[in-house]
Amino acid sequence: MIFGYPLLSAAIWLPILFGLLVLATGNDRNARMARIIALVGAVLGFLVTIPLYTGFDRMTSDMQFVEMKDWIVRFNIHYHLGVDGISVLFVLLNSFFTPLVVIAGWQVIEKRVAQYMAAFLIMSGLVNGVFVALDAMLFYVFWEAMLIPMFIIIGVWGGPNRVYAALKFFLYTLLGSLLMLVALLYLYHKSGGSFEILDFHHMAMPSLTAQILVFIAFFMAFSVKVPMFPVHTWLPDAHVEAPTGGSVVLAAIMLKVGAYGFIRFSMPITPDASHYLAPVMIALSLIAVVYIGLVALTQADMKKLVAYSSISHMGFVTLGFFIFNAYGMEGALLQMISHGFISGALFLCIGVLYDRVHSRQIVDYGGVANKMPVFAAFFMLFAMANSGLPGTSGFVGEFMVIMGAVKANFWFAFAAASTLIFGAAYTLWMYKRVIFGAVANDHVAHLRDIGSREKLVFVILAITVLGMGLYPLPFADIMHASVNDLLVHLATPKVLN
Amino acid sequence: MNLLSSLSPAYAEIFLLVMVSAILIVDLFIVNYTKTLTYLLVQISLLGCSLITVATHEDGIVHMFHHMFVDDLMSDVLKLLTYLSVSMMLVYSRSYLMARGLFTGEFLALVLFATLGMMVMISASNFLSLYLGLELLALSLYALVALQRDSAIATESAMKYFILGAMASGFLLYGMSMLYGATGSLDVNNVADVIRHGTPNKPLLVFGLAFVVAGLAFKLGAVPFHMWVPDVYHGAPTAMTMFIGSAPKLAAFAFVMRILVEAMQPLMVDWSGMLMILAVLSMAVGNITAIAQTNIKRMFAYSTIAHMGFMLVGILSGTIEGYGSAMFYAVVYVLMSLGGFGMIMLLSREGFEADTLNDFKGLNQRSPWLAFMMLLLMFSMAGVPPTVGFYAKFSVLNAAVQAGHLPLVVMAVLFSLIGAFYYLRIVKLMYFDAPESHEKLYIQPDSSLLISINGLAVLILGILPNTLMSVCAVSVQQSLLH
């Protein structure tokens, strides 16, 4: 709470209320009004989250801005919200992207505008709920509820194969979630009737086996969302079919939710199982980094390429988590934030091209720089950031994770560092084929450069990518205390006898 | 006067019986095709019943008619919900039935007789009165299904319903007679006492129990006694399907409570094993077979089977928590089922049944609001938060975990994932596909209002499930205190 206002509730409910308001504008005759209300809601939604950052006490790992009310008394479930140094960044990231997505869909979406905008606003609120919930059931409700708008977004505004992608997305993620629910029920009974996540953190479990089973149930939920190899296959499908805004939110926000789950649930609740299964987690992460990086090299579709690149980069994140040191952990968290900015920006770039040419195939392009110099410059920056160029945000996280990995095991670091090569290879090769060379065909010849609306979005993203790359301290220092606390949890065995 | 006041727990039943008889006579003198007066009288009777039930509520458990009849909190709550769902069903089906010439006095009277049957079932505390209530309900339902005389498929399903239903009743009676043989009593509480403290003939008792459970499974439509469900749901006019699929589930829940829990709690070890098999099979067969259906009524039939399996998971947990969650599940299921069938009736019009999945194509383009309501109902049936269907599943699973049935819970979760697919398919058809016809939807204002209330209730009860959950839990708890 600050000035007596429940900021976290505002971060959740303000976008949702605006989403409903947008829905109420009705059909496409009022599209303009729908867009304006959506933008106002999204910007307000971002503004209310800023005090979370400015008013945050960096010295403590305690939950801040806590709100607590009874919700379902029968099961001792509370409406309990709070942020620590880790979740506050994700709330900001999410709220930051909502206005960008609204602006990006401003003219592109012509059919059912109100529903489109409302879906994004509602999802934004629900995702904030996921990041700030301190009650496991509340978390679960937000976690599941955010699938519904995403399902609709992919299925209604997506590409030709959207139905398959939407169903696959929903069922894959639901499978994981349901097993997590079973784990939560188990913990509820073991803890003597509490759904408080923080109570779970301090609770011992009867045996390592029990911990491992709980870990696996959580793993099912979170690994699908991250997504980790081998349950990643829904992501390229979902990305390719989703509209631009959907891809941006998927990559920038939805993937982070899975990784966040590892931090908030798996590692502090089942530290012994985490240690026990760390080799598996590291192996899967490295496979994601190396193998998926190679897969990305062979893609002919730009969106697919960036989707695979996301999986590869998220492999870095899980690697950073499971080497259990501060460098790895903080690097992974910075990598998550930075990947949000970069992949979001890349999907927006591809969206810009797709709006004009209606193709995402690399072969349909060539020589775009001749017609769209400003766009090419922005695209260049984001492509460089994606390949981890120092000075961009992409470098900071990867570098720290590799540092952490060296401490753990040289070969981990060796394998992980290959991403710097593969990442540069696939990103820059794509960039070269699309942007440089002679003008490939009539479509490209008739391209117009980006307008002021698109420019605004790219400028904002460029500033953040460069800013975070040159001066990452504001992002890093807010999480120190919480990361240290997490490492303490991880170092404490929690098995009885 | 003393006699009259001693009857007070049964005032609602008596009132309803008088009203039905009166309505039957009044209807004879009304030539009006729309039957507005009869319809209003029926709604007034239901309202009257609710008022009486509330007014005559007493704390604790009151027995009367030589222990044949019991009035406790659970029966009052279930009865109120029954009136509500019957009344909703009538609002939904009025224009549908009128377009088909089925909105007759017989229909209304049969519905009320069925309601009376359910009330007796809910309040019975003796095997005989249980059975009487059950048969009054069943006979009315057989006749309701057969009401559409000129439809071959309706008569066929009525025939199937009747034959299988009669067989189930036979099973039940046979089982009850064995229980009587073993315990020497038909009274629910006496039977429990004899089993607990006496020396009953154990093999006979368990044999009787097996027959009773089989009969119950028939009535609930649990696998492997489910064969009638898809045919009857499919064949009956949608309004009758809605009726079969809604309020009687509440009565069936009461029936299970009275017979398995109140009378045979000491045999829990025996019946919970049987219920476990029924539950797992129901969830598996129901959810998997529903995927293959192209007719939405058949699909809902299989989904009902799966839902009944889920409800049984709550009961077989054998704890107060479990019974409460099963009751909550039944109530929530009735709410969702009313909405689902209501939507089918809203979309249908004269000479056109909107009962194939394809009829839902592109509903979002024809009516975004209706599509949104259906979306809420489908996600609720699939058990996705923040809809109330999630809490129904959650509380049942919670009870099962508490009772130590973790493998069962994992299985239930996996089957409900499979189940999610066909609910999602409806959402997909409504939102992702283009409509097959652009004909304007004509919807009566009363049913359109009701579907909105119904759909939003699913959402609002999902956001604030506390009250309904506690009501269910407390009422079960109170009625099990002897």
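Each Cβ is built from the backbone N, Cα and C atoms, and glycine gets one as well.
Annotated transmembrane segment per TrEMBL: A:6-24 (among others), in sequence order.
Annotation comment: TrEMBL describes A:36-56 (among others) as transmembrane segment.
Residues or ranges marked as transmembrane segment by TrEMBL: A:86-109 (among others). Listed as Cβ neighbours of the transmembrane segment (A:86-109) (distance under 8 Å, sequence separation of 6 or more from its ends, same chain) are residues 8, 11, 15, 35, 38-39, 42-43, 45-46, 48-50, 52-53, 56, 64, 116-117, 120-121, 124, 127-128, 131-132, 157, 243-245, 248-249, 252-253, 256, 260, 263-264, 333, 336-337, 340-341, 344, 348, 351, 355, 453-454, 456-457, 460-461, 464, 475, 478-479, 482-483, 486.
The transmembrane segment feature in TrEMBL is assigned to A:116-134 (among others).
The domain 'NADH:quinone oxidoreductase/Mrp antiporter transmembrane' annotation in TrEMBL covers A:133-419.
Here the transmembrane segment (A:140-157) has Cβ contacts under 8 Å with residues 109, 111-112, 115-116, 119-120, 122-123, 126-127, 129-130, 133, 163, 165-166, 169-170, 173-174, 177, 180-181, 184, 238, 241-243, 245-246, 249-250, 254, 257 of the same chain, all six or more residues outside its ends. According to TrEMBL, the feature transmembrane segment maps to A:140-157 (among others).
Feature annotation from TrEMBL assigns transmembrane segment to A:169-188 (among others).
Per TrEMBL, the feature transmembrane segment maps to A:208-228 (among others).
Positions annotated as transmembrane segment by TrEMBL: A:240-263 (among others).
Counting same-chain residues at least six beyond the ends of the transmembrane segment (A:275-298), those with a Cβ under 8 angstroms from any Cβ of the stretch are 208, 211-212, 215, 219, 223, 228-230, 232, 305, 308-309, 311-312, 314-316, 318-319, 321-324, 412, 415-416, 418-419, 422-423, 425-426, 429, 490. Taken from TrEMBL, the feature transmembrane segment covers A:275-298 (among others).
Residues or ranges marked as transmembrane segment in TrEMBL: A:333-354 (among others).
Per TrEMBL, the feature transmembrane segment maps to A:374-396 (among others).
Proximity of distant same-chain residues to the transmembrane segment (A:456-473), defined by a Cβ-Cβ separation under 8 Å and at least 6 residues beyond the stretch ends, is recorded for 96, 100, 103-104, 334, 337-338, 341-342, 344-345, 348-349, 375, 378, 381-382, 385, 390-396, 450. The annotation transmembrane segment is assigned in TrEMBL to A:456-473 (among others).
Counting residues 6+ beyond its ends, the transmembrane segment (A:116-134) has Cβ neighbours under 8 Å at 8, 11-16, 18-20, 22-23, 34-35, 37-38, 41-42, 45, 49, 63, 66, 80-83, 87, 90-91, 94-95, 97-98, 101-102, 105, 109, 141-143, 145-146, 149-150, 152-153, 156-157, 196-198, 243, 245, 249, 253-254, 257, 260 in the same chain. Outside the transmembrane segment (A:169-188) by six or more residues, the chain places 75, 136-137, 140, 143-144, 147, 150-151, 154, 194-195, 200, 203, 213-214, 216-218, 220-225, 231, 234, 237-238, 265, 269 with a CB less than 8 A from a CB of the stretch. Same-chain residues lying 6 or more positions outside the transmembrane segment (A:240-263) and placing a CB less than 8 Å from one of its CB atoms are 86-87, 90, 93-94, 97, 100-102, 104-105, 108-109, 116, 120, 123, 127, 130-131, 143, 146, 150, 153-154, 157-162, 164-166, 218, 221-227, 301, 303-304, 306-307, 310, 314, 317-318, 321, 332-333, 336, 339-341, 343-344, 347-348, 350-351, 354-355, 360, 486. If you look at the transmembrane segment (A:208-228), the same-chain residues 6 or more away from its ends with a CB under 8 A from one of its CBs are 172-173, 175-177, 179-180, 182-183, 186-187, 234-235, 254-255, 257-259, 261-262, 265-266, 269-270, 272-274, 276-277, 284-285, 288, 311, 314-315, 317-318, 494-495.
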